[in-house]
Amino acid sequence: MIPLAIKIGITGPVGSIKSEALQKIIDMLKNDNLNVQGVLVSKVTNNGKLTGYTIEDIESKRKAQFCFDNFVSRVKIDKLGVDTKILEEILIPSLQKARETADVIVIDEIGKLENTTKKVHAEIEETLKCGKPLIVTLHKRSRNPVLQEIKSLEGVRVFDITPINKNILPFKVMHVLKGEE
């Protein structure tokens, strides 16, 4: 059983090591028969060029591209247009259900998502304040105030992932989640 209110932040450079570590943590939690819910964000590339992002509901596996290089929108992530309707259709019900039924909630790339729409911002804020164990990832150099907000939450631990510690970090996070550290 994981103590309530434990919040884990994983920061690191742009690249896949945060996602790889997060997926390993999710797999370890599921192997412990814990209900993990929330959202994962993945890059979409074409010939090595970033062309968008997808969002996936961890529990239902519902996945859609919400960010495109050729999509006209006032809302941007990394200069890519955001289809806020698609983002809200997956993120909002996923986080609402996670707050009700998950043992552990995950929000991947929280800094990118936080300021896309007022509804998304409100859902993320509500989820950050809920008493459930939470794991979030964000870019290390994010100037987004969400990093400071996460650091100020009660029971939070922030881990900086590097190529050197990427293999042991999931085990360290699991020890913290289980109250062993």
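Any Cβ shown, glycine's included, is placed from N, Cα and C.
In Swiss-Prot this protein carries:
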BINDING   12-19, 104-111  ATP binding site
Which of VAL14, VAL104, VAL106, ILE110, all binding-site residues, has a Cβ with the fewest other Cβ atoms inside 10 Å: VAL14
C-beta crowding around SER16 (ATP binding site), within 10 angstroms: 12
Under 8 Å by Cβ from LYS18 (ATP binding site), counting only residues of that chain that are 6 or more apart: ILE10, THR11, GLY12, ASP108, THR137, ILE161
